[in-house]
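Novice: Here it is: the structure, laid out below.
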């Protein structure tokens, strides 16, 4: 518990997003209550060496219970006699990932709550509740706080994430993106999306490249969202940008050793080389 508490206290302290303050006040009280319950002698201020958070999409209590029942059935045991690996973790906790404007949440708003501490409207990514799915509701002043990974990087940690989904998917996107819609993973038109206030709404993939210097290792899918349509059959971007090339250019210009692996086979063939790189992107 102490390892997770330390980084989230840092996250909550740096945000000044007024619309999220109510959520932060609730979180501060919950965190302090948990710290007060720590066993005597456990130092809540001790800096953790590593923090690993695993996110299963939709993995709430009911899903875990169903998994235990299924495991018990496969093992010919009673429902309560079969445990999951997660049940053996020394510390655990729960996070309220509800949606700001809907009873049933989605991956975008729930991941925003999980990764930033601020609740968002349904299908929104990394923004405060003033933003709806209408692009005309978006303004940069409504961007939510940094994700805990960006705050960890600023605190001197090495950071990264890996996903079986596209890295622009609604679950990992709040790590770096701020947008009115989880669906805006790449542009389908050659012109920029500009709302009625003259604010440019940037697609999620391009926002990743803009924020990629906060991550030392990133692996996931969605390759087509980073390539122009004329590149090959995989390319989906109508704006003609090759974001993989842009990532390499940005990484090289920062005087860091970088590696771009464009298939699992490519990575496996060069995995020894990867240990010498400062930043890695697997697409």
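Each Cβ is built from the backbone N, Cα and C atoms, and glycine gets one as well.
Feature annotation from TrEMBL assigns active site, phosphoserine intermediate to 107. Positions annotated as Mg(2+) binding site by TrEMBL: 57, 169, 171. Taken from TrEMBL, the feature Zn(2+) binding site covers 57. Positions annotated as signal peptide by TrEMBL: 1-19.
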Novice: So, in DSSP terms, is residue 57 (Mg(2+) binding site) helix, strand, or coil?
Specialist: coil
Novice: Quick one: which residues besides 57, 169, 171 have a Cβ within 8 Å of the Mg(2+) site's Cβ centroid, in sequence order?
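Specialist: Close Cβ neighbours, site residues excluded: 55, 107, 111, 163, 165, 170, 172.
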Novice: Counting only other Cβ atoms and using a 10 Å cut-off, which of the recorded positions 57, 107, 169, 171 scores lowest?
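Specialist: Looking at the recorded positions 57, 107, 169, 171, the Cβ with the fewest others within 10 Å is that of 57.
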Novice: According to DSSP, does residue 169 (Mg(2+) binding site) sit in a helix, a strand, or coil?
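Specialist: For residue 169 (Mg(2+) binding site) - judged by DSSP and reduced to three states - the answer is coil.
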Novice: Hey, how far is residue 169 (Mg(2+) binding site) from residue 107 (active site, phosphoserine intermediate), Cα to Cα, in Å?
Specialist: 9
Novice: Expressed to the nearest Å, what is the distance separating residue 171 (Mg(2+) binding site) and residue 107 (active site, phosphoserine intermediate) at their Cα atoms?
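Specialist: That comes out at 5 Å between the alpha carbons.
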Novice: Where residue 107 (active site, phosphoserine intermediate) and residue 57 (Mg(2+) binding site) are concerned, what is their Cα separation in Å, rounded?
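Specialist: Between the Cα atoms of residue 107 (active site, phosphoserine intermediate) and residue 57 (Mg(2+) binding site), the distance comes to 7 Å.
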